[in-house]
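**Q** Once you've had a glance at the structure underneath, I'll fire off some questions.
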Amino acid sequence: MSLPPRLSRLSSSSLPKTPPLQTLLKRGFTPTLKSINQLLLFLSHSRRFNAVIHLFSQLDSNKINPNSQTHSILICSLLKLHKFEEAEYLVSTKCPDFSKTRFLDSLIQGFGVIRNNPEKGLLLLKDCLRDSGTLPSSFTFCSLIHGFASQGNMDRAIEVLELMTGDNVRYTFDNFVCSSVIVGFCKIGKPEVAVRFFENCMNSGALKPNVVTYTALLSSFNLLGKFDEGCELVYSMKKEGLALDAILYSCWILGYFRNGCLMEALRKYREMVERGINPDTVSYTVLIDGFSKEGSVGKAVGFLKKMLKDGVMPNVITYTAIMLGFCKEGKFEKAFRLFKEVQDMGIEVDEFMYATLIDGACRKGDFDCVFRLLDEMEKKGIKPSIVTYNIVINGLCKVGRTSEADNVFKEVAGDIITYSTLLYGYTEEGNIKGIFKTKEKLEKSGLCMDVVACNILIKAFFMVGAFEDACALYQAMPEMDLNADSITYCTMIDGYCKVGRIEEALEVFDEYRVSLVSSVACYNCIINGLCKQGMVDMAIRVIIELGEKGFILDMGISMMLIRAAFAQMGAVGVMNFVYKLENFGSDTYNSLCDDAIRFLCKRGFVETATEVYFVMRRKGLILMKSSYNLVLEKLIYGGKTSLVGPFLNFFLKDYGLVEPIVGKILAQYLCLNNTDIALQFLKKMKEQVPTVSLPPSILKNIVKEGRLLDAYKLVLEASESFADMDVVDYSFLVHALCKEGYPNQALNLCSFAKNNGITPNIVTYNSVINGLCCQGCLVEALRLFDSLERIGLVPSTVTYATLIDNLCKQGLLLEAKNLFDGMIYKGCKPNIRVYNSFIDNYCKFGQMDEALKLLSDLEIKSVKPDEFTVSALIYGYCMKGDMEGALTFYSEFKMKNVSPDFLGFIHIVRGLCAKGRMEEARSILREMLQTKSVVELINNIDTKIESESIESFLVFLCDQGSIQEALVVLNEIASILFPSQKWFTVHQESQALNNGLKSEALSAVSTVSAGSNKISGLDGAAEYYDIGKEESQFRSFDFYYSLLSSLCSKGELHKANKVMNDMLSSLQGDM
């Protein structure tokens, strides 16, 4: 008898405990076939299957012919030893038909399950059904279905299922088959087909699901994101009385994690433990993985410790989950440390654990570590798969190193994910050459493109301007058996919109609308494109459709539409937009109106915002507290007092007075209207809430209204409400108090701030020092200056400039000089303002040599003179009557592009007029009226009156040669600009002339402008003196000199004597 080829090779292996058949014959033993079969049967029962094969191999050489029993024993031994090919040979050639069935069952199961080769098993099954008419058992069919499903070969699994339930077999399938098929469809990414299969099974009435089938179905729901259906399934199982096991709980907990419900997942774990179900390795691993992926690696580590405490041993997947959590939190060092500990424990690490570490290193940007880990894998015999290489390639692409990623790609056979990643990297980098090179490689590779690759390639085409190629690929997707997803539609719509091809974008959007894809992102893309094209009405129609389909409105898109409507039609456009969306759901419409109100308020359209609010009110909607606050602030600070009351009532009705923001806005309103009532209200509110916090900006508004002492009172008596005040806020109020003549209150405020932990800075004390000086308290100002160093403050240039200026004004030039020397000694560099104070006062007191010497020092110290410096020195020359010196100095600095200021021009014009040099005065006046700063100053007064332009009137007088009349107008302008100071002491203010206008003097300028034809020369000046003698304190010496000269020449000595007395009184007061 010939043996199968492989069986003959096996016969050479001897078994010491089983003597060869020849030895038995030599000993006189003559075995019969029956005795041999009994021996073989004994060996088989003793599980000495190799001995059976060895003994059988000797039968042929000893001319003993085996019978069917012998072959059956041999086939059983071969099957037990998983030698399925030899067993198949014997079954097909030596086995009688009546015994084939049980052997074919074992063979098919052996190939399908043990060898994991269900294809071979199916061939045997088909041969069995076709040739021998033998019917394998139902378990054989089930094992093949399970084998194919495990491999994800669902076409074959369904083929076997159809054979099993077909007319020729008519086996019923059980939960094992159903759960296997469901798991198989889930494995290939078709959970929706798995659910449909289960529903068909239930509809057939042939299946009563058990916990295994329900667990498989629950997994399908998890993959589909149908979390609620999964929960309902578990609750129905409980109602049916099915005992839930650890696997089902693990699957249920996994669903909670995927839905982001961490605490609920934790509760289900506790419920499982309370039911007496002990968590196994899978259960703990699901918990650890879930918390790690959600960024709670601390909780994951806690479960690992509990797992070890409960005696449940973690596996490599458990530790990998912990490492993944560490990597996601950026704790790569901890992940690496755990990796080393796992190795030290003797646990064999796998590729996925290495891949997790490599991903962490990529996140960190440590690519040296990445390549070191790859080398380590190779040394340990762990060959990295394309999954690991894709992680490396993705990491390099994300940091802009796509070319290096491409080099890595050259070493491996990439899949479609590899190509997609490279395309994405080159697209993000804008590398056109790289995009086309990768595209060419993809086409040559023969790989089938998936939707992700198509989406990335379409985006790349749009980026390089290949719109037709993008369109062609999009249209070719159905031919590739690919369905466009939401990203495809968004990419196409966005790509066309960005280049202004709105018609093509609308065509793609229409295709999306009739597809089965559901995505709010597609609506957002087209709305964005329409808004940018100014097609607001169409965008509104699209957003209405979006609402009708039940999508949640993206507030970013609604704000885009609000802005677009405003850009097109202003506030009315926003109002129309709000009206058109009235049929939206309450929550969405509430948010939309809230956004519109906030937008309108910030744009200054608070009245329109109130209209939107009343639309909300009619629909029973409530405005957000922050929006109420914004509207009321705009109404209060915008002076819309008629609307404040109703809005405050609505606010109180909706949120109540106990709501801090309500009390806050009400307190603001009261502070702006009546400080005493506001303080009473704040005191009353203390009984309900700890404190009502008020913004420091409210004090600025009170100060703007001129209610300085009210602001001061609020800060002192309601300090807890202004806890957010900083040194800048205190400094502002101190400055305002000092400016308006309240230096004592300013000092009190500084002490109050210090007691409240806010240390006033040098800016604050500069305001106080200036305020004291303005009130004539120079000694107190100097004492405060002396105390600065004791409180740790270093005087600034402004500090010195303020004191030096005031010392100079008081004629204390020596003291000012000592302070100036101290300033330089302290390392504080004087600016032009300090020098101007000295120069101005030297000139006023006739010390021109000192003034000119100081001017020379400016040039040495590289300090540039300004227009005030020039004006002061011109005034000094004019005071001496040295008009030649004044003109020479004027011309010299004119060449340096430094002109006098407004007062400097008046001085030189008046001095020339006094000397009778009218043409020169006219020339200077003409230049004055061409100087930008002077013209702006005059025009600033023009804006306050409705008569003809003063500038044009002055030009007219200049052209007519009426210099004296022009001088009268200029004198009046000067009296408006400097109403509280004498002409010869106001030069330091000339740099800020625009800030000192006084409304009560505006009519005087108008009168001068309108009635100037009644004033003629010095006669007019004398008449004007009589009319406006109350303002005589503002006249300079030159004015009095000109007037006296005129009166004396006319013989009007009485009037001249009266003017002389006024002049002497004025000058005596000055001195």
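Note: Cβ is positioned from N, Cα and C throughout, glycine not excepted.
The repeat 'PPR' annotation in TrEMBL covers 137-171, 210-244, 245-279, 280-314, 315-349, 350-384, 385-415, 450-484, 485-519, 726-760, 866-900, 901-935 (among others).
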**Q** Which residue counts does DSSP give the repeat 'PPR' (385-415) for helix, strand and coil?
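**A** Summed over the repeat 'PPR' (385-415), the classes give 21 helix, 0 strand, 10 coil.
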**Q** DSSP says what for the repeat 'PPR' (866-900): how many helix, strand, coil residues?
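**A** Taking each residue of the repeat 'PPR' (866-900) in turn, the totals are 27 helix, 0 strand, 8 coil.
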**Q** Which residues of the chain, 6 or more past the ends of the repeat 'PPR' (726-760), have a CB below 8 A from one of its CBs?
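**A** Same-chain residues near the repeat 'PPR' (726-760) but 6 or more away: 696, 699-700, 703, 708-709, 711-712, 715-716, 719, 767-768, 770-772, 774-775, 777, 780.
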**Q** For the repeat 'PPR' (315-349), what does DSSP give as the number of helix, strand and coil residues?
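**A** Going by DSSP assignments, the repeat 'PPR' (315-349) contains 26 helix, 0 strand, 9 coil.
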**Q** DSSP says what for the repeat 'PPR' (137-171): how many helix, strand, coil residues?
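**A** Split by secondary structure, the repeat 'PPR' (137-171) comes out as 26 helix, 0 strand, 9 coil.
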**Q** Give me the DSSP three-state residue breakdown of the repeat 'PPR' (450-484), ordered helix, strand, coil.
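**A** The counts are 26 helix, 0 strand, 9 coil.
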